[in-house]
Amino acid sequence: WGLCLLTAALVLGRTTATSCPAPCVCDNLRAHVLCLNGNLTAIPGTIQELTKKLNFRGNSITVIPVGAFLATPYLTHLDLRHCKVERLEEGAFRGLGRLLYLNLASNGIALLYQESLDGLSSLRQLILEGNRIEEIQPGAFGHLGSLTILDLRANALVYLPDMVFQGLQALKWLRLSHNALHVLGSEAFTALPALRRLSLDHNELQALPGEALARLEAATRLDLGHNPITYIAEEALAMTSLKHLFLDHAALQDVAPEAFAGSPQLRTLDLRENQLRGLPPLAGAGGLARVSLAGNPLLCSCLLRPFHSWLARARVQAEGSCAAPPALRGRPLDSLRPPEMRCGHPLPPPSPPTPSEQPRVADSGRCPRGCTCSSDFHHGSCANGDLREIPRGFPGDTHLLDLRRNIFRTVPQTAFPGLRRLVSLHLQSCGIQELRPGALRGLQSLLYLYLADNHLSTLSAATFEGAPQLAYLDLDHNAFTHLPTGAFQLLPNLISLHLQHNAIGELEGGALAGAGKLRWLYLAGNTIGHIAPTALAPATMLEKLHLEDNCLPVVPTVALWGLPALSELKLSRNPIKRVGYGAFQPVAPSLQHLYLDNMGLEWISPGAFTGLGPKIRSLHLESNKMSNIPDMRNFTGLEILNLRDVPFHCDCQLLPLHRWISKLNLHVGATCESPPEAQGLKVKLSTTFQTCPGWGRGKNGGGSSYKTKAASKPSKKKRSGKSPARGFKKSRA
């Protein structure tokens, strides 16, 4: 029997070896296929049917089409990280009923539709970290009944609608950190009976979302740190199973005495690095064992005595030290005696009022003719209705209105009356040529406005009158020839602006006036050839700047000054031939992801990366023609380095680069183009370096750049045999 199994495995290996698509590596015995950094633009159709693990990390598959994996129904693990995926078509994963693990991290996905994840009935882990998901439509996770971990960190979410996670009855950990959430529907977390841990840290929540959190009856850990929450009101948190609460690095100024009375099992409370001058005795928190107050400006006067006495009575361990009065500064709380905590100091300021909730508007049950309205999800839809005018009469509690693919031409003044609670408005592909002033009047809760695939060429500030909360504006695929200067003056909360695939030729000074909170700016696919020095200056909070597929002849270094938070810069496919000294120095302290691929680069200054270092996580230099690679040995935090399709000349002058990338636990794609005996070999694995002087030594030597084939020219000077003071020696053909 064992011999039969071995024979079958060998036969399988022989019969499928020819079906392994380039540039993949297929292990047929273990049913694993690796297609890493292969520049694939589509899912290959020749992958063996019995494959269980499939890794496409680092390719260029922008769209996952319907039924993309029907030929591999036995998959259990699928990795699509760093594949530049922008869209998941509805039904993209149908047929993958055995899949347990799906990783879509670090792509460009912006929207999850109701059927985007259909067919994944066995999926346990779904990782969507590091995309640009702005909105999730309720029902998107409805077919994921086995999912236990959902990772949505580092996206662009501002709002969670009611029932958005419906269907995730097995989910144990929901990760929503590092978004921009500031509005949560009261039923956002309904139907999550198994959830144990919720991560909401690093968002924009200004008040504890108590009503939404009360739905989580089984959750034991809640992370709310790094949110601008200033006050916790009476009984604000009623989570019956909660044991660990993290509210560190927020903006807390006061906590009500019975704030946690509805969470009787609370054991640890982390309030580090807030603005608390003291706390009252925490009534109802009988199970509390530890409170951390380190980093707060605690006033250890008589006002703190009740809390100090309560700590002793309740046997609660407290961390923290006094900031005042001067005589007690630096003293740990647990070292104080009541007589030392004297009176005579002014009272702390009164607690801020509890943030008021929006009044509820009853669902009237109305719906315009030819449209559908869902009272459960608060949705209205007239998509593909061939409508010539924007319909009226939607229920007053409508949150999402889908009017895509109609023929409106013009959006008139006050086009959406009675929709004060509308959060998301979809007007894509409607042939719109004009938004009249006041078109959005009355939409005081609007956060998302989608106007892609229309014919807009200009906008005025008056267009956005009455929609001051607007955070996401999508104007991709319109007819703008310049940024609509002044249009954003009435949008103080704008976070994300999409103007991709227009005809913008220049970014003028002051174009972003009023957009002081802008964090993500997408300008790919225009004809931008010049950026004025002050064009980006108002956007001091900008984190992502996408300028790929434009006409920039140089890196816009001067325009990058004043962007202290910029972490991602994309310049791919611009005609930049030379990168000068200190090109990225203005954003060096914050930059993490840099894209310089497919530009035909011919030369990079040895000091081009001055200031960059351990913070850099990904660097894309593939498909260029440069004559040198700057020294990157201080890029110790690299997770991705792409050097594919760079013409390396693998002689002894390239030995330092060979040594460096050999020590990296990364797939960099660097390949020798010459000499002939090394052509096609990986720089990391090439044996041509074994004949070089110093091959056995582990030191790299000093240097400012590594040289490639384009720099390989015969030298007429006699070589001294000594290394130059700076820089690795140029390679020679």
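For all residues, glycine too, the Cβ spot is worked out from N, Cα and C.
A TrEMBL annotation is a machine prediction, not a hand-curated record.
Residues or ranges marked as compositional bias 'Basic and acidic residues' in TrEMBL: 331-343.
Residues or ranges marked as compositional bias 'Pro residues' by TrEMBL: 346-356.
According to TrEMBL, the compositional bias 'Gly residues' annotation covers 695-704.
Sequence annotations record features per position, and here TrEMBL assigns compositional bias 'Basic residues' to 714-733.
Taking the domain 'LRRNT' (19-53) as a whole, pLDDT averages 92 in the prediction. Feature annotation from TrEMBL assigns domain 'LRRNT' to 19-53 (among others).
According to TrEMBL, the feature domain 'LRRCT' maps to 296-344 (among others).
Residues of the same chain lying 6 or more positions beyond the ends of the domain 'LRRNT' (366-400) and with a Cβ under 8 Å from any Cβ of it are 137-139, 161-163, 185, 360, 406-409, 411-412, 415-424, 426. The domain 'LRRNT' annotation in TrEMBL covers 366-400 (among others).
What TrEMBL lists as domain 'LRRCT' is 647-693 (among others). According to DSSP, the domain 'LRRCT' (647-693) comprises 20 helix, 7 strand, 20 coil.
Residues annotated as region 'Disordered' in TrEMBL: 323-363 (among others).
Positions annotated as region 'Disordered' by TrEMBL: 694-733 (among others).
Summarising the annotation, TrEMBL assigns signal peptide to 1-17.
Here the domain 'LRRNT' (366-400) is broken down by DSSP into helix, strand and coil counts: 0 helix, 7 strand, 28 coil.
Per-class residue totals from DSSP over the compositional bias 'Basic and acidic residues' (331-343), listed helix then strand then coil: 6 helix, 1 strand, 6 coil.
Away from its own ends, the compositional bias 'Basic and acidic residues' (331-343) comes close to residues 293, 298, 300-305, 308-309, 311, 317-322, 325 of its chain (Cβ-Cβ under 8 Å, at least six residues beyond either end).
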